[in-house]
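Visitor: Okay, here's the structure, questions in a sec.
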Amino acid sequence: MVSFSSILLACSAAIGALATPIEPLADHPNEAFNETAFNDLVGRSTPSSTGYNNGYYYSFWTDGGGDVTYTNGNGGSYSVQWSNVGNFVGGKGWNPGSSRAITYSGSFNPSGNGYLAVYGWTTDPLIEYYIVESYGTYNPGSGGTYKGQVTSDGGTYNIYTSVRTNAPSIIGTATFTQFWSVRTSKRVGGTVTTGNHFNAWAKYGLTLGTHNYQIVATEGYQSSGSSAITVY
């Protein structure tokens, strides 16, 4: 894909996360199986999961590449450390999502490709959306169609849309639309009034459906870094 959004979520429909198939060991009959090395490799990363922690919904998904550790903290806090990952996304928030003002604080330090965003899904229609507060070396808007701008919470966001065809989603492999608001001046911390973005998207014909989950997410793609975020 052009951006990270291929990340998303279908490791199983139940947890709303994607999975990338792993090449079976049987395809390499001449390679000796080292169980200790294999267990060390798998054990480096936190497994994909979803659920509730200290009153907040959380979602964490990884394709298993590289080393990524996701840790739920007190209240709405979580942290992620990653090194030479394939792809992951995780964070805390709510299920279902809604048009709410989300306040968050913390740190976000990607080395390479990474996003810090309010992230969520809707169904009927199936939409994957990002309100991007900060990013690393790749501006996700560069892969979409520019629609306009919205001014909210002391900043200007460029609005983009893109279509994913036969891609993983919260309901399995599907074709769906992505909505993006990308802040022109990066920040880590503040309030995101999601309703302002939802209304602006609707103005440009980008209509959300019934909300599924909504989190303040850290995402990494073929990169390293660290993040520590608290959602209020």
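Cβ coordinates are placed from backbone N, Cα and C, and glycine is handled just like the others.
According to Swiss-Prot, the protein carries these features:
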type: SIGNAL; residues: 1-19; note: signal peptide
type: CARBOHYD; residues: N34; note: N-linked glycosylation site
type: DOMAIN; residues: 44-232; note: domain 'GH11'
type: ACT_SITE; residues: E128; note: active site, nucleophile
type: ACT_SITE; residues: E219; note: active site, proton donor
Visitor: Taking the Cβ of E128 (active site, nucleophile) as the centre, how many other Cβ atoms fall within a 10 Å radius?
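Guide: Cβ-Cβ neighbours of E128 (active site, nucleophile) within 10 Å number 23.
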Visitor: May I ask for the distance between the residue listed as 'active site, proton donor' and the residue listed as 'active site, nucleophile', taken between their Cα atoms and rounded to an integer number of Å?
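Guide: One finds 14 Å between the Cα atoms of these residues.
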